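Step one of this worksheet: look at the structure below.
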Amino acid sequence: MKVVLIVCLVWVMAMMELVSCECWSQADCSDGHCCAGSSFSKNCRPYGGDGEQCGPRNKYEVYSTGCPYEENLMCSVINRCQSA
């Protein structure tokens, strides 16, 4: 029984790793996504759509609160995507 529980726990942890799409840099993420999060826990997240949380674009491609906005949008002063 303990072996089954351990195997299940390892499987769940492996699935969480796949779903979270952890990243170290922008190169680790697919198109339409950016690498964002704290120094210790970065994940590939989609670019912000209308009304969603965003962060301003920067030349270093380092984002903590959210990805930049999609094309034809801008990031407001309250870090929400809106029409340009």
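For all residues, glycine too, the Cβ spot is worked out from N, Cα and C.
Small disclaimer: the values here were computed from a predicted structure and weren't measured.
Annotation source Swiss-Prot lists disulfide bond at Cys23-Cys35 (among others). Cys23 (disulfide bond) is surrounded by 18 other CB atoms, counting those within 10 A of its CB over all protein chains shown.
Swiss-Prot lists Cys29-Cys44 (among others) with the feature disulfide bond, giving similarity to another entry as the kind of evidence. Within its own chain, Cys29 (disulfide bond) has Cys21, Cys23, Cys35, Cys44 as residues 6 or more apart in sequence whose C-beta sits under 8 angstroms from its own. Classification of Cys29 (disulfide bond) by DSSP places it in coil, neither helical nor stranded.
Cβ neighbour count for Cys67 (disulfide bond): 26 (other Cβ atoms within 10 Å of its Cβ, all protein chains included). Annotation source Swiss-Prot lists disulfide bond at Cys34-Cys67 (among others), citing similarity to another entry.
Note: Cys54 (disulfide bond) has non-local neighbours Tyr47, Gly48, Gly66, Cys67, Pro68, Tyr69, Leu73, Cys75, Asn79, Arg80, Cys81, i.e. same-chain residues 6+ apart with C-beta under 8 A of its own C-beta. Per Swiss-Prot, disulfide bond is recorded for Cys54-Cys75 (among others), and the stated evidence type is similarity to another entry.
Summarising the annotation, Swiss-Prot assigns signal peptide to 1-21.
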